[in-house]
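Asks: Below, the features straight out of TrEMBL:
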type     : residues  : note
DOMAIN   : A:296-359 : domain 'MIR'
DOMAIN   : A:370-427 : domain 'MIR'
DOMAIN   : A:431-491 : domain 'MIR'
TRANSMEM : A:68-88   : transmembrane segment
TRANSMEM : A:100-120 : transmembrane segment
TRANSMEM : A:154-174 : transmembrane segment
TRANSMEM : A:186-203 : transmembrane segment
TRANSMEM : A:208-226 : transmembrane segment
TRANSMEM : A:246-267 : transmembrane segment
TRANSMEM : A:579-597 : transmembrane segment
TRANSMEM : A:609-627 : transmembrane segment
TRANSMEM : A:639-659 : transmembrane segment
TRANSMEM : A:671-691 : transmembrane segment
Amino acid sequence: MLGFLKQPVMVTAEINVNLVALTVMGLLNRLWALSYPQAVVFDEVYYGQFVSLYMKRIFFVDDSGPPFGHMLLAFGGYLGGFDGNFLWNRIGAEYSMNVPVWSLRLLPALTGALCVPLAYQILVELHFSHCAAFGAALLILFENSLITQSRLMLLESVLIFFILLAILSYLKFYNLQKCSPFTAGWWFWLLLTGVACSCAVGVKYMGLFTYMLLLAIAGVHSWHLIGDQTLSNVSVLCHLLARGLALVVVPVAMYLSFFYVHLTLLYRSGPHDQIMTSAFQASLEGGLARITQGQPLEIAYGSQITLRNVLGKPMPCWLHSHKNTYPIRYENGRGSSHQQQVTCYPFKDVNNWWIVKDPGMQQLVVSNPPRPVRHGHIVQLVHGITTRYLNTHDVAAPLSPHSQEISCYIDYNISMPSQNLWRVEIVNRESDTDVWKTILSEVRFVHVNTSAVLKLSGASLPEWGYRQLEIIGEKLSKGYHQSMLWNVEEHRYGKSQEQKEREVELHSPTQADISKNLSFMARFTELQWKILTLKNEDTEHKYSSSPLDWITMDTNIAYWFHPISGAQIHLIGNVLTWASANVATFVYVCLFLWYLLRRRRKICDIPEDAWRLWVSAGGLCVGGWAVNYLPFFMMEKTLFLYHYLPALTFQILLIPVVLQHLTDHLCRSQLPKNAFSALMVAWFSSIYLVYRTFSPLTYGEPTLSAAELRALRWKDSWDILIRKH
Amino acid sequence: MPCEGTRLRFPSCPTARTPFPLVPCAVVPSRRRLPRVGARMTLAAGCCQAESGPRCGGLRQRRPRRPAGEPSRPSPPPRAWAPLEAPVGVWAPLAFVTLLSFASRFYRLSEPPHVCWDETHFGKMGSYYINRTFFFDVHPPLGKMLIGLAGYLSGYNGTFPFQKPGDRYEHHNYIGMRGFCAFLGSCLVPFAYLTVLELSKSLSAALLAASILIFDTGCITLSQYILLDPILMFFLMGAVLSMVKYNSCADRPFSASWWFWLSLTGVNLAGAIGVKFVGLFVVLLVGLNTVYDLWELLGDLSLSLVTLGKHLLARVFCLILLPLVLYTAQFAVHFAVLSKSGPGDGFFSSAFQSRLIGNNLHNVSVPEHLAYGSVITMKNLRMAGGYLHSHWHLYPEGVGARQQQVTAYLHKDLNNLWVIKKHDSNTDHLDPSCSVEFVRHGDVIRLEHKETSRNLHSHQHEAPMTRKHFQVTGYGINGTGDANDFWRIEMVGRKAGKRIKVLRSQIRLTHLATGCILGSSGKTLPKWGWEQVEVTCTPYVKETPNALWNVEDHINPKLPNISLDVLKPSFPEILLESHMVMIRGNSGLKPKENEVTSKPWHWPINYQGLRFSGVNETDYRVYLLGNPVVWWLNLVTIGLYLLMATCAIVAMKRGVQLTAEFKELSEVLLHSGGKIMLGWLLHYLPFFMMGRVLYFHHYFPAMLFSSMLTGITWDTLLKFCAGRLSCSMGRRVYTYGTLALMLLIVYSFYLFHPLSYGMVGPMASDPNSPMTGLRWLESWEF
């Protein structure tokens, strides 16, 4: 019974002291004096506002990326007990006491520190010597730009961490593949690859490129697997399915779950509500939901409604009219109908109310029982305050002369009769007899006489139109476009007393209907689409740079500057490392091409194993560099030096790969090998020296004098702030 | 039954009863399947017969080689396709499809007799060439030059204004230009036929591809008008055809026909990029094909390095140098022909304009170097940039400081004149007693507005439109201002101390106090600024044309005038400049947010067409829309192709034992089909990444590839199906399958032909219209 006691309980542990030492060093150099400076540094001002909104559970839309990164930062704030009360408005503003600076910056710093052992392990898994691996880790450790970026509340270090983790777990998985597939360890690393990939994508969309690279590598490996005729068809299929599950299904599910958590956390309405559709807004607590609660669901003849444009660009707005008329002649000499203006107005206003009227009847109240308006019905729209009818006719619109003018009809008794019949077309209907519903239905108004479609043109009217947005009747309706769609936002039935009582009676549970109808997938799709398509107007920034400047580090970014002491933090890399990385890339590509061409001619300079190692390591490092760097040439947004850091990390990993290859295969005799080692020691010491030299700009202390700062300006293009006395 | 077994074998199904007698070269398998490596050694008389001239497909080798044991049989009984076995067998169908193609493109060519769609642009540009007036377009010149040439040769005199679509041509001769485009458009069909024939060695695949193109309403419509697309597609298909041809000559490198097709590829490439930049995709296709080709050659150890070097040099010469020379030559002709000033002047720099006869900068004499006291105008280097301008009006209340406005103005005006002065003295340099002092790179100067005597000034107030920039004003009285009036004048790419040249020097003005740079943002000021263009001082030090200026007018009585001819830019300079302008023009074509625009995913599903002519019921309406049956067939085929290719490639990788016929089929599928598929991808996917406005007709180059792929894929599929069945059964399946596809295409063309040849009468949305039943998608508007 106590047989297990017969054997002594043995715990053997192998500890790789290298790894431990690297981790400790990483932690030391990333976490040291983390809460200094006690002030907002650079993009903390940007991410900080989202952290605050998370703390207050207020909904926001950020077009810079998916929510996982923001949530991680907010998690730091949550652990530190941050209440979200801080005004993130200015770089350099002192943090107040309630902001837990240390814990906000902890997570990026931790991930940044862990990149050091990760780099070590990646090279080990690539079958390089521990010496080379140690070198790679040291290079990451002493890279000033990575240190700066990870010591602040920024997302690049988190992104790099997940990218490296994904690479490492894939390599682990691949190495296990040969000896023990379908074991627990195999599954663990395979799944971890997928998870890390989705986290990388979830932090920043840049992660997508590394994910693609990994998929491509996995694809090549799977292709070899298919060609392996020792495996049975079934086991090949199992292998492929397992990869599909872990590398496609799991990441997609994870990515969705980020949004699920994001949307669950942020349930209150906030400043970005207006960007979203009415249905989405109604699903948030406060805001629109407060207004729409309890309003009737089905539009009936006699309903009073406000109409919101579904596209809402350049800004969200409602169909509007007011007493003023179109000027008889525009500035360019064209004439107008001189009837009452119809515009789109970006604010809530009493003039946004319209009444749906049955053309066959005079009354403007809802009858008993209410007669709902259905798809295909013909209606008139009566402006609530002025009681004029929405009208269009063959007159050119003020700013879009190819379209028809929309007006509220005034009878001038000239040869211009009213043409105010509109056909209601519900675009997102399920059947052709669908009822027009508040918020949910997206409706197109087609003019009966001319088949023009009511549309927001996007241009804003001159002074006479109070800079409101132009509404036109598009004659040649070229298919579906959101600028032609409208949805009812606010809605109430006609004013008679008895009807109101019935209304309460019949329609009290409408609010529940609406938010239930909007499923998570609908909300996710909308939010994701908005994130991808939301365009900030082109902003110029003092420190923005072009991708070509990055390779040679011709640019830097001043992150923070103390107005009194003159202490400053810059994003400046370790110049020597950057230069060496470029040289290594160049050497690699040249050697690779040389070997490749020679092998094609059946001349093998290096053994087959070495060649395979050379290809796989290079494919990963150069490939990683390329996919994280080249896409920036095609991007039109404002770019900064820190966008280069993921690519740089890959480039740094390449340096020891190239160095070891050179020692192993090109230095044949002992003497050059010794010389090479001596050179290596000298080179590493100079890297350390450069790191020490620039560390005042990396850590923000100690404060340097103007002369010292001038001495640090190694390149003329660097912008180091030197105070004039 | 053993006999059946042998008959199953494809393609050497014994005797003439083989289901696939139309597979000419495939019966000599080694020649076709391994065109390069091993085959080269064994082929003494390859397919590339010299007597077959440039057509080196070897299609005359039609007679199947019988297996040794098989007794020789008498010639086959007459069949439907028997004549094709005769030497006319390949030429007759070619002549037939060419005839059909020409007939379909030239039918009702003169209708409608008014300007349709983009004819208003390209016809107009043709007229510009005839009139030799300079204009600007975002496309390279070859296409429009050819249109102009066609018009000129056919007797059009260039006087029709081509103002807007719908204008009647009246007595003007437009048929020549349309006929030229239709001619090139008709050539696409024989080109596609020959390409597919060369790739698949199957007559029915070639016929299928050709019939798809003949009977596609979209291709017909696009070929019938004065447009660049038929010209582009002509060169594009020409390049593909000659590429395929020279690939099949690979077994006889450096022969006459090999050189012919290789250099013809280069010529066609030059033509393709010369018409539109979209031609770059076909350059990419040929480039990838060549790299692959060279890679194969490199792996052939029987070739010496010298031979490899020759191969490489031949390709560099024919596919890189030759196209470059031709492309440059087009521009040389373009600039030589367009020697008169015209509507395009304003897009180019002052130096460029001085070349043009009739421009006010032509043959003008001005002093060459700037000196203190010179009166100058400064033109912004951004496209259609204005002159630095100021006037008596002040910035309104609330817009920065209430000082005098400084703007950029597009027209010549006295208020554009500025006087260069030294920053620290106010002496009159024009006083004859003073010696001339030249302005040099790096000098600190003051610019005084001549009319109002205020200095160009900037300060840290925000600019009126671009809020992150500083405001630029006119400040001071009679030239006395403050330290904010000082600017450092610098030239791009020059050293300190150099003199500044009129026209040629690109000048940057840096504000001394704030370090910002004078620039024009390109935004239009509101009414208070007379809708002139905003001028700001940008603190973001970037090298953009917005922040660069050049001196255009220059008055200084103390300096000798020189003729501007001396400063005329050289040919490489104008070539470079016109490319910069084209690129900027292209990237300026951004869609507006609220416009309905065509999306790339619309195209292959034929979601929406383009209205070429006519809107109302009484108009003669032409609507550019692909024949939906053809297009959907193409779409399905792409999926089918991917499926078949995946199956084939996985089966081979898994080492499944395949019969020879399957190997042959999959070879055609993967190798030939792969090339075409790559072409389709290269001509389609890049559009997803383009920011500019896109139109439906951008898909047509890709559609050509898609059609060829359809021919190859269905032919392979039918052969595959036939191969599974008995010989006679298989033949029937193959024949009827091909026939059914063709009949389907012809019938759908019969249904949809009014789209191309014009419709009059009620719109299709009207139930009375004959087209009502054909409006299969709601988004079609005919």
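Here the Cβ of each residue, glycine as well, is placed from N, Cα and C on the backbone.
All TrEMBL annotations are machine predictions without curation.
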Asks: Checking distant contacts: for the transmembrane segment (A:671-691), what same-chain residues at least six beyond its ends satisfy Cβ-Cβ under 8 A?
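Replies: Same-chain contacts beyond the ends: 135, 138-139, 142-144, 574-577, 580, 659, 662-663.
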Asks: On average, what pLDDT score does this prediction assign to the domain 'MIR' (A:370-427)?
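Replies: That stretch averages a pLDDT of 86.
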Asks: Where DSSP helix means H, G or I and strand means E or B, what are the helix, strand and coil counts for the domain 'MIR' (A:431-491)?
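Replies: Result for the domain 'MIR' (A:431-491), in helix, strand, coil order: 6 helix, 27 strand, 28 coil.
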Asks: Is it true that the transmembrane segment (A:68-88) and the transmembrane segment (A:154-174) have 3 or more CB pairs under 8 Å, sequence gap of 6 or more?
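Replies: As far as Cβ distances go (cut-off 8 Å, pairs 6 or more apart), the transmembrane segment (A:68-88) and the transmembrane segment (A:154-174) touch.
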Asks: Where else in the chain does the transmembrane segment (A:609-627) make close Cβ contacts, counting only residues six or more beyond its ends and a cut-off under 8 Å?
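Replies: Hits for the transmembrane segment (A:609-627): 126-128, 163, 167, 209-210, 212-213, 217, 585, 588-589, 591-592, 595, 599, 646-651, 653-654, 657, 661, 664-665.
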Asks: For the domain 'MIR' (A:296-359), what are the DSSP-based totals of helix, strand and coil residues?
Replies: 3 helix, 29 strand, 32 coil
Asks: Six or more residues beyond either end and a Cβ under 8 Å away: which residues meet both conditions relative to the transmembrane segment (A:246-267)?
Replies: 53-54, 57-60, 66-68, 71, 187, 190-191, 193-195, 197-199, 201-202, 211, 214-215, 218, 284-285, 520, 523-524, 527-528
Asks: Per DSSP, what is the helix/strand/coil residue tally across the domain 'MIR' (A:370-427)?
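Replies: So the counts come to 0 helix, 26 strand, 32 coil.
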